[in-house]
Each structure stands twice: as C-alpha cells, then as structure tokens.
Amino acid sequence: MKLGAWVAAQLPTTRTAVRTRLTRLVVSIVAGLLLYASFPPRNCWWAAVVALALLAWVLTHRATTPVGGLGYGLLFGLVFYVSLLPWIGELVGPGPWLALATTCALFPGIFGLFAVVVRLLPGWPIWFAVGWAAQEWLKSILPFGGFPWGSVAFGQAEGPLLPLVQLGGVALLSTGVALVGCGLTAIALEIEKWWRTGGQGDAPPAVVLPAACICLVLFAAIVVWPQVRHAGSGSGGEPTVTVAVVQGNVPRLGLDFNAQRRAVLDNHVEETLRLAADVHAGLAQQPQFVIWPENSSDIDPFVNPDAGQRISAAAEAIGAPILIGTLMDVPGRPRENPEWTNTAIVWNPGTGPADRHDKAIVQPFGEYLPMPWLFRHLSGYADRAGHFVPGNGTGVVRIAGVPVGVATCWEVIFDRAPRKSILGGAQLLTVPSNNATFNKTMSEQQLAFAKVRAVEHDRYVVVAGTTGISAVIAPDGGELIRTDFFQPAYLDSQVRLKTRLTPATRWGPILQWILVGAAAAVVLVAMRQNGWFPRPRRSEPKGENDDSDAPPGRSEASGPPALSESDDELIQPEQGGRHSSGFGRHRATSRSYMTTGQPAPPAPGNRPSQRVLVIIPTFNERENLPVIHRRLTQACPAVHVLVVDDSSPDGTGQLADELAQADPGRTHVMHRTAKNGLGAAYLAGFAWGLSREYSVLVEMDADGSHAPEQLQRLLDAVDAGADLAIGSRYVAGGTVRNWPWRRLVLSKTANTYSRLALGIGIHDITAGYRAYRREALEAIDLDGVDSKGYCFQIDLTWRTVSNGFVVTEVPITFTERELGVSKMSGSNIREALVKVARWGIEGRLSRSDHARARPDIARPGAGGSRVSRADVTE
C-alpha cells in the first residue's frame, strides 16, 4: 500500500518532467529546421533569428542542466547540419554525410553547455551571442583546418542585417543575428513574468537591456546600409573593366569527373570560341580577361602539349588572357607517390602561362586524406581523395594588368582567404569553383557565401563554376547576371575596380579575437560565480575543547572543517523566476581547505613530525644521487631516505646500495625489475613507508631540482596542520632557475589548464616536491592510481582535495638539473590532457547533481540576481 501511494504521488511530477523535456526536444528540432531554412535554397533569412530565439528559450529553461544544454545543442546542430548538407550524401552515400553532420553538430552542443553555464549572468543575451560567435570560430579551425559552412552569417545574404558584415566580418554578422534572437527571447520571458503577476506596475525593467541590444544591431545595419546600397555605383573615379565567365559544363555529374578531363577541357575551349564568335559578331562585349572554373583543365598543360595548344587557341580567339583552373605536379616527387597543387594560372594570348595562384586551403577527404591509416578502414571512398598540397602566396594574380584576388572553390568560406587577397591589393575577387561532384543546392549555398564576401570587402565577385552556378555579384550583394545549373554558358559584364578597405577587411580578425576572448572570460566569471572554483580558506584557531593532536581547524572526530557564513555565496530564487542553472554555490560533501604562501608556525599542542621518509625515485641518476643524498642528510639529519631504483642500466641501483651500507638504518633501497614510470615508483615507496609507520612521506627528485635545504619548509607546513604540503614554484616567494623557456611555458600552461579544469585554486598542482601526512595517503585509494609522469602529481592532489584534506603551498626555488637527461615525454602531456579533462567533467557533474537536488540554492536568470550569504548545512 505504501509503495502504491508513493508511485501515485510521483506520477504527476514524472508526467510534468517528461512533458517539459519533450517540449524542449521538439523546440530544439524545430529550431534546427528553421536555421536550415535561412540558407539557400529556402533563403528565409528571418528564420535564423527565430531559430536562435527558440534555442535560447530551451537553454534558459530552469530545468535545463549543463549536460542537458550540451544535449539540446547537439540535437539542434544535428538537425540543422543533416538538413543543410544532404548534397554530400547524394554521391558518396549517407555515411560521410552523417559523419560530417555529426562532427559539425558538436559545436552547437558546446555552445549549449556554454550557454547554460553563463545564463545567470546579467545581460545573458549578449553572452549567448558572443558564445555563438566563439563556437563558429572554433568550427572554422577544427578539425582538419575547420569547416565554416553553416555559419549563421552565410544565411543572411538576402537579409536586412547583411550590412553588418562590412563593419566586422562574418563574426559580427553572426553575433548580431544571435543577439537579436536571444534579445527577443529575453523580452518575451520578462513580459511573460510580468503578465503572470497580473500586469501590475510599470513594464518590466529587465526588457530594457535586450531591447537596447536589438535596437543597437538594427541601428548599425541602417547606418551602413546606404554605403552598401550604393557600392556598385562607385565613386565616379573607379575604372571599369569587362569580365567574361565561361561555364563549359561536364558530360555528367559525379565522382568520376576526373575520367572526363579531356571532355571538360574541350567544353571550356568550345564555349570560349563561341564567346569569341559572339564578340566578333557584336553580340557580346570584348572582355579584358576571361575566368574559367577550377579544374577546367585537369590535364596539366605543361606536361600535355596538346592541352596547352587548346588553351592557347582559345586565348588567341578571344584576344584576352584566360584564368584557367588546372593541376600541376609538385616537382621532385617520385612517380609512385605524386603530389599536386590546385592551381589557377593566367594564360596570355601569344605568350602562354604567366601569373598563378596555388590553392592555399585544400579540402580534407576531397583533395587530401587526413589520417589515412584510420579513414581508409572506415570508408571505401577514402582512397578516392586526392594528393594535393597547399600553396602559398598573396592570393592575387595580375590579369591584363588588373590585380585579381583568387579564392578557389571552398576557400571562399574561410575568412582569411579573401581578406588576404584584398590586403594583397586585389581590386576584384574571383571564385573559380568545381561543383561537378555535387548538386544545385550546394552551388546555391556557395553563391550566397560569395555574396556575403562581396559586401564584406566592398568588391565585385566573379563566380565561375564548371557546372554552375556562375555569376557576377555587385558589392551590395546583388546578382548582376548568372547562369543556370548544369548547362554550358558564358557571362560577360562590366565591373568596377575598387580599392577601398572596409572596417571588416582592416580589423575583422581583431574583432574575432575580442569575441573569442570575451567568451572565454565570461565563462570563467560564470564558473566562479556558480561555485566551481573553491576560494582559499584560512585555518581558524583551535578552541580549548579541540583535540590537541588534530591539525588546526579540524577535529579528528568531526571530519572536515565547518565553513563560516562568508565562505560561500548562495543565490536565492526570485518569486516567479523561470531560470535555474542548477549551479548554485553549495557546500560539497567533501571539502578542501587550502592556504598559500609562507607556512604558518605550528599551532600550540601540535607535535612536530617525528618519523619522516623521503622517497627518491631513480633511473640513470648515478651522477646526481650521491650529491642529493649528501645534501639531504646534512640539511635534515633526522629524516630517513628510500631510493626506489627502476633497474637503472648505469649502475644507480648498485651505488644506492653502497650509500645504504654506509648509512645503515637511515638510508634504504628498493630495487624494481622494470621501469614503470614515476607514479608507480612513488606508489611503491608509499606502500613501503606506510607499512613501516612513517608519519610523513616526502617526494623528492634525484636530479637536484628540489633543494634538500628547503625540505624543512614543507615539514613545518605539515606540523602546522597541512595534510599535503606542496613546494610551489608559482606562489609568492617561489622561483625557477635555469629552466628553458619552453619547459616553463609548458609547466605554467599545464598548471593553468589543470586549475581551470578541476576548479582547484592550487598554483603548482604539477609540482613534484611535496610532503604527505600518512593519514591522507591512507584515505586515498592508491590502488586506483594509474597515472604516470607529472599527471601522477595532479592525480594525487585531486584525490587529496576531493577527500577533504588540507593542502598548503610553500614557496621553493626550483633549479633545473645540471647532470643527466630529463624524462619528460609527449605521452606524459597527452595523458595529462585527457585525464584532467575527465576528472574535471566528473567533478563538475557530481557538483551539478548535488546542486539540482537542492532547490533552495537555485538561481534566477534574465532579469538579474539577488545575492545573499548564508551557511548551508548538509
């Protein structure tokens, strides 16, 4: 009966939770479809605003957790990219199409996680927009050089916000669209809250910020629009030239395009001859130069004389230079392993080849195969990838004396390619493209990207495709003339040669980095506000009833120290508030207790450490061991020494035995049969020392980098109450000597990465000079430690803090070894990157679960927060 009553009581809550989750799932799917609708062939620019508004609604919902934000963002991205990229699957099947869509969807997933973390900050629509721009930047560089296809800005070629791209490039346009969408959501949520309270009083003040943001975006677009609108008319002093585009077409679409090479070349020659005939008949204008598409001559004209003769005949017939697309062998490569460049080369009538541009951003899986040892086993199409290598240069060729920028095919989607051409002096942009392996949808989307570039850089853009769509685009983004898809045709049009540099051309990368930096900064601020970074806590003086043998601030009977009211900030929910991050600051069940700087003097009643064991792992340290042993026994005569030797081939183990014989009872040696890493050596030493009732166990390197003369600082800190005393290079008073700058940068980067990932306020978490109380080591599951290298130090520190023990950093002087060779390797770095990330995620998820179980610490969202301090007991 009791079970039945409990189930009946839970049913309404369960139904509500399921209904709420299903609603968010459906809204995420609809949002992904709407974002797709903003791109060609739909061209519903407004759908992007609605899509991001709906996604913002999902991510600001109080029931959406950080993991939920990741999931909803991933679902949104998957629906969007699966809908946007089906043209990939038409020729290679669903596998590569879905794999690419899934990879791209990871980035909106990252945005979803970011958004849930920062949503409680004042002005969250701004941070959402900044975060969206940052994830688009990340997708433009990762993986394998990035894939910017699908950036929100590229769906705005027909929209009223397009002028923003001239101010700050694609990044600013995407940010503006996201800001409008998120601002509308914020306004709607505040109006809803105001309405639910009966509409009493004035309009909600929280709508002012998002409304102002929307107005600012629209105002910026309106200010720039007149200049964009009249860009095609020129200033009156700009020269004009006539440009012709030849679209020769291919016999059939598909991946066997290369088998049609001669037919494709002949098609472009014949279409150029038709253009020449029309010029001579007065039906077309005489062009100053002609643009052929990418791969219009996939027969190298320098190797095949017949191909060169055909191109020369076309150039002489039209009486103008032709920019042809071809491939060229990389000199010096063996015949069985050739490489090529994807080249656009100027072919002058009478004199032949002249200036050239080698494609600088080659396409993975199409023009080259990354990680062939893996992908050859995953797809039968992998071996059809080319062997192209990237070129270099300014991205500018001179045709008939005109500097023309070349962005070959998919280079147009990367900000850096057209910008490099313009900064290199290009007065006109051209996009030679080969879309014979895809379909009309892909060509329409690429054409939209070219329109955005025309406005961004205030240049005419000439698009030439083997199968279409070819077009001439004005600087206002409008099409002057275009061809249909999959038909032979030519275009001729007058264009103006422009030299003005737009703000986006000049400062676009700077704005991009500002947005990325702002996103990184705001997420750190949000993580701190959400309680992810513990604050340094100082020990409290012991009361007269405290156990005299317990460290300060801690009773052996009561466990970890209680925290005062000022230690944590708890955010109280507003009445009627919709949002909750699930990240309110709370008291974790295990607590760390940390201090930094000079060690405190021993508290009254604390007995100094009596039995201290210094563990020194060795491998090929024969030159260093006698020196460090002598310095240690002179500096701290009372400590015992354990040398753990990993079968050093240089005789270090035998030398250690001699030192032990000369110092009986104080120096000991452990011989291990194999070199299993630094971590395994220390674990063996810990087990040896714990079994012999040592009260303090110290880690020390044999190479002299850890000064034995400074060991007393660590022991004083332990006697003062620390469970783990770390000899720190990076707290006040700590220094590093004779270290190569690369190692110093690596060390500081590793510490910063670990500190941020784990949320631990320890400055030198990778330090290897440290002293442990035996109680701390006994509480740690040492059998579960499998880390090696310096990751071992991070692992033990993380376990010590997670178990609620006191960690203290004391300053030391670290000196680089003078003798022997460092054991640092790339595998140590890879291990740390992976494991620290995993520990950080696991720790934050456990904190998140704890916070969600505590509704009294939930935090409100869009309209700001009221902060109060309170102590929470478990």
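In case you wondered, yes, glycine gets a Cβ from its N, Cα and C as well.
Swiss-Prot assigns Arg196 and Ile794 to the same side of the membrane. Lys359 (active site) sits 10 Å from Glu294 (active site, proton acceptor), taking the Cα positions as reference.
Around the Cβ of Glu294 (active site, proton acceptor), 27 further Cβ atoms fall within 10 Å across all displayed protein chains. Around the Cβ of Lys359 (active site), a 10 Å sphere holds 27 further Cβ atoms from the protein chains shown. Per DSSP, the secondary structure of the topological domain 'Cytoplasmic' (90-93) breaks down as 3 helix, 0 strand, 1 coil. As a summary of secondary structure, the topological domain 'Extracellular' (116-176) carries 36 helix, 0 strand, 25 coil according to DSSP. Each residue in the topological domain 'Extracellular' (43-71) gets a DSSP state, and the totals come to 20 helix, 0 strand, 9 coil.
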